[in-house]
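According to TrEMBL, the protein carries these features:
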COMPBIAS  499-514  compositional bias 'Basic and acidic residues'
REGION    499-522  region 'Disordered'
TRANSMEM  84-103  transmembrane segment
TRANSMEM  109-134  transmembrane segment
TRANSMEM  155-175  transmembrane segment
TRANSMEM  181-201  transmembrane segment
TRANSMEM  208-229  transmembrane segment
TRANSMEM  249-282  transmembrane segment
TRANSMEM  404-425  transmembrane segment
TRANSMEM  431-453  transmembrane segment
Amino acid sequence: FFFSTGSTLCSYELQPSEYTTDPRATKLCPKYPVPESAPIPFFHRCAPVNISCYAKFAEALITFVSDSSVLHRLISGVMTSKEIIMGLCLLSLVLSMILMVIIRYISRVLVWILTILVILGSLGGTGVLWWLYAKQRMSASAVETQIAKDNLQALLIYAISATVFTVILFLIMLIMRKRVALTIALFHVAGKVFIHLPLLVFQPFWTFFVLILFWTYWITVLLFLGTTGSPVPNEEGFVEFRMLGPLKYMWWYHVVGLIWISEFILACQQMTVAGAVVTYYFTREKRNLPFTPILASVNRLLCYHLGTVAKGSFIITLVKIPRMILMYIHTQLKGKENACARCMLKACICCLWCLEKCLTYLNQNAYTATAINSTNFCTSAKDAFVILVENALRVAAINTVGDFMLFLGKVLIVCSTGLAGIMLLNYQRDYTIWVLPLIIVCLFAFLVAHCFLSIYEMVVDVLFLCFAIDTKYNDGSPGREFYMDKVLMEFVENSRKSMKEAGRGGGAEGRELKPMVGADEE
């Protein structure tokens, strides 16, 4: 600095040539504005050598927390209630595991609750609309304003629309009533699966752990990319590190890798669950199951099906990336584009989102078909699609009724944990704020319930495809016996009786069941 500017920073008794060599320079020269640093091994980053830098940061953080009275009270509430929070989190974990076992016994009750709520809601809404219309019609005066006439006309339209909706809903429920029995039977069998394969419960934890490891690695590489490049002087005379050449496009490669590998890890979980459940379903004597069906499924995945999983996750990535690009463009152009362009962007984003969800569901069933037949991804996806189309109404019943039942299970766990939290934290209401602890507990309970019940939903979907393939290629005759559980066998027998009765009367129900149970005639 002295040789380039001629400015003397140190004491005059120290010559400029001695600034960096004389031991007195530490006392006679000013301190560096940047603390002395040293490189961290293997990470190529510098960190302050003096520990006081970290102590000052901690002191500043403590000062900020102390000065913020609301934040201080919230944090103190969490610290005071930490034992209760940990206990309630453990309670939500236990409740989720118990629910996964007993849901097969309460599935029929949940279906009846759903049916009653839908009937009462639709009838009540329609009745209220007709009552309001009749009330306004009777109280109408001789001289009415145009607004009153418009409101009366709108009420009539709403009441007629609600009536039509209620009638259609009742017809759909009448048609779907027998397929709801399949949903109940599948939930019952899924409960048995978790009894025979208890390690399935821990699949979300392993998947989350692997995702955390990958995301940590991804962020580390991202930090390296953010500080890489070649030193280039800018207009102001400072040196900047700019990425030149192919290095500029590494960001896109890195982002695509994040999406693809994350989807790949989730697909590995789906394939592992599918392989274990398929092994359970197609083993006639359950006592002859392998010692660890899940580890056997992981072994088959690593040896034979990694390409299938990679291709399925790549297809999801090809759909997800354009949707993210459109969402980024929509965010950047917010307030600048015209109404037509905004509508088109939102429509494209919505269509891509729907396509992504459909492909995700098809991929999951393709993994199940791969676990059953050991075919490649395209063949498995085609077979799964044909099975799903042949059983479209049953798929709709399972996805609507089943998803609602699992949603009720999540609500039950969150409400139970929240109620227990309110009762326990209520004793501390005089000396601590328990709003934040309760929010933390409820969020954790929801996440735990979602992880556990999503595995349950996955098992139900795998069981349904196994059931559909079983009934398509087997009819229960000698040499072509069913693999299914007794509960599903009862459902098939009841379906055959209904088919015969409907066949005598020429009903549509018998014709609809024919491709499933009578497929051996093809």
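Each Cβ is built from the backbone N, Cα and C atoms, and glycine gets one as well.
Those TrEMBL annotations? Automatic predictions, nothing curated.
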Considering the transmembrane segment (181-201), which listed stretch of 84-103, 109-134, 208-229, 249-282 counts the most C-beta pairs under 8 Å: 84-103
Same-chain residue ranges lying at least 6 outside the transmembrane segment (155-175) that approach it to Cβ under 8 Å: 115, 118-119, 122-123, 125-126, 129-130, 132-133, 136, 393
Tertiary contacts of the transmembrane segment (84-103), as residues 6+ beyond its ends and Cβ separation under 8 Å: 78, 187, 190-191, 194-195, 201, 405, 409, 412-414, 416-417, 420-421, 424-425, 437, 440-441, 444-445, 448-449, 451-453, 455-456
